[in-house]
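Asker: This is the structure I want to talk about, given as structure tokens.
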Amino acid sequence: MARYVFITGGVVSSLGKGIAAAALAALLQARGYRVRIRKLDPYLNVDPGTMSPYQHGEVFVTDDGAETDLDLGHYERFTGRPANQQDNITTGRIYRNIIEKERRGDYLGATVQVIPHVTDEIKNFVLEGNEDYDFVLCEIGGTVGDIEAMPFLEAIRQLGNELPRGTAVYIHLTLMPYIPAAGELKTKPTQHSVKELRSIGIAPDILLVRADREIPESERRKLSLFCNVRESAVIQALDVATIYDVPIAYHKEGLDSEVLSAFGIDPAPKPRMDRWEEVSHRLHNPEGEVTIAVVGKYTGLKDAYKSLIEALHHGGLANKVKVNLDWIEAEVFESEDPAPYLEKVHGILVPGGFGERGAEGKILAAKFARERKVPYFGICFGMQMACIEAARNLVGIEDASSSEFDPTREPVVGLMTEWLKGNMLEKRAAAGDLGGTMRLGAYEAVLKPDSKIAQIYGSTDIHERHRHRYEVNIDYKDRLEAAGLNFAGMSPDGVLPETVEYADHPWFIGVQYHPELKSRPFEPHPLFASFIEAAIEQSRLV
């Protein structure tokens with residue numbers, strides 16, 4: 001039977017509950033246990049698919065097409081286990097499910113209430129499908145005290161009573177701020193956060209305390225006394241250089257041992273930390289460095305590109321180099337010459353995005369990379385802009401544009417209205433809802449055997465994750481290829497372009513999908529590993 005770990009957060013948001021959950025899962029995996037992680041998000045959106053990147057950060061897409069919280073990306077990268085639709089739930093989905101049941105008459109005329117109907121729906125989500133796992137870690141989004149989180153906290157309180165004794169453990173992540181004027185760390189915010197949690201009926205078994213400096217033993221004893229947890233269960237979570245140092249740091253502090261002790265598992269299998277130690281060693285002992293320009297449109301919030309950032313660092317791990325990121329807002333190039341920004345970098349990456357803002361700047365970045373022979377990696381929107389650039393400047397189609405921006409006469413990029421998903425034909429209307437109406441999830445692509453990208457993958461058949469409504473128009477394929485832009489990858493039915501590249505360029509590849517979503521520190525995505533390798537070659541020329 002699965003054991004459950006519920007992870008809550010207090011004092012402030014953005015403390016790193018997702019990283020903590022992922023790190024603990026990795027530590028339990030290192031001991032040979034089978035682990036699943038689930039995220040419970042209190043917001044009323046059905047999913048984050050229509051939320052602004054500035055509000056929510058990245059939307060992480062799973063193989064089965066779920067648009068989920070970015071924390072699921074951490075879960076995948078730390079554990080290697082692909083997430084799915086059933087690993088993320090929101091208040092919006094909970095209420096939608098309940099309303100659908102009420103309309104069908106499933107409640108037999110009962111008054112539908114938060115307790116028991118909403119809490120029961122949450123509990124069903126937590127408990128469903130866990131037969132093959134030893135541990136299920138559930139991260140509760142938000143902060144203790146948030147109104148939106150109350151039904152979720154009540155649900156996990158009930159589960160603590162309903163599950164067999166010894167199969168549920170509560171971890172509370174808090175902040176211990178340092179006050180320079182007093183010259184000391186303060187325990188009071190954590191005390192109040194635990195008091196709030198206990199008033200709900202949840203007594204934390206373990207405190208995971210974030211701090212920017214060593215927590216004195218006297219302060220640990222104070223937290224133990226006033227928060228009613230064992231002193232050994234007050235675990236300090238100090239700031240570290242990279243997120244991949246977290247599992248090692250938490251293991252040294254005894255987090256995994258304390259969790260197993262709370263479950264009464266003694267003795268426990270010894271952990272194998274060698275691969276985490278190897279990743280940490282490579283990160284802290286690079287044999288060189290490269291600089292990659294990321295020409296984006298949400299650069300004000302780096303969380304909007306979380307998986308992309310990590311995938312670039314994975315590419316650095318594969319090549320034993322440090323990857324420095326130079327963030328450039330694409331709109332800058334609409335009024336300034338790109339050359340001063342780009343001529344010293346070793347590679348240019350244009351990531352995905354939506355809408356017209358910044359599009360011309362991304363087109364100019366692609367033009368600079370093509371003409372100057374700088375390694376270029378265009379992802380989703382970045383591939384589309386590279387095709388528009390080629391259509392304008394190589395084919396001579398001056399009005400080449402995307403129908404996403406305006407009803408252009410030359411829609412090199414246009415709205416997809418239908419595509420194959422397996423043996424099923426999926427259709428979308430231009431006037432339909434935004435939520436869940438994109439080409440989402442893993443799709444197959446067929447690569448030309450003699451293409452550069454096929455050599456990088458070592459295969460002509462690939463499966464990658466997509467998230468887009470617009471696609472390069474197949475009607476322009478022949479003219480673009482005649483100008484030198486090779487359509488190296490297509491959907492199996494030959495209708496949807498998946499990858500493009502220039503044969504006469506050291507490294508210029510555009511992909512319609514999002515390879516960053518499948519990159520792992522232990523298995524860097526081949527495209528990112530190859531891109532960083534090309535950047536290393538470029539660094540010798542600059």
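Any Cβ shown, glycine's included, is placed from N, Cα and C.
Values in this document were obtained by computation on a predicted structure and should not be read as measured data.
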Asker: Name the one residue among K222, K252 that Swiss-Prot lists for the same UTP site as S13, K186, T187, K188, P189, T190, Q191.
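Answerer: Within the candidate list, Swiss-Prot flags K222.
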Asker: The ATP site in Swiss-Prot lists S14, L15, G16, K17, G18, I19. Which one of D64, D69, D71 belongs there according to the record?
Answerer: D71
Asker: Record says Y54, F381, G382, M383, Q384, E404, R469 bind L-glutamine. Source is Swiss-Prot. Which of G80, G353, G441 does it list for that same site?
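Answerer: According to Swiss-Prot, the candidate sharing the L-glutamine site with Y54, F381, G382, M383, Q384, E404, R469 is G353.
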Asker: Using Cα-Cα distances with a 10 Å cut-off, which of the recorded positions E139, P189, Q384, H514 are near K17 (ATP binding site)?
Answerer: E139
Asker: Tell me which of the recorded positions Q191, C380, M383, E404 ends up closest to D71 (ATP binding site) in space, Cα to Cα.
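Answerer: Looking at Cα distances from D71 (ATP binding site), the smallest one goes to C380.
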Asker: Starting from the Cβ centroid of S14, L15, G16, K17, G18, I19, D71, which together make up the recorded ATP site, report each further residue of the same chain whose Cβ lies within 8 Å of that point, ordered by sequence.
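Answerer: So the extra residues in range turn out to be G9, A20, A21, H74, E139, L173.
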Asker: For E139 (Mg(2+) binding site) and G16 (ATP binding site), determine the Cα separation and express it in whole Å.
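Answerer: Checking the Cα atoms of E139 (Mg(2+) binding site) and G16 (ATP binding site) gives a distance of 10 Å.
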Asker: Over all pairs within Y54, G353, F381, G382, M383, Q384, E404, R469, the annotated L-glutamine binders, what is the largest Cα to Cα distance, rounded to whole Å?
Answerer: 23
Asker: Per the record, UTP is bound by S13, K186, T187, K188, P189, T190, Q191, K222: how many Å separate the farthest pair of Cα atoms?
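Answerer: Pairwise Cα check on S13, K186, T187, K188, P189, T190, Q191, K222 gives a maximum of 23 Å.
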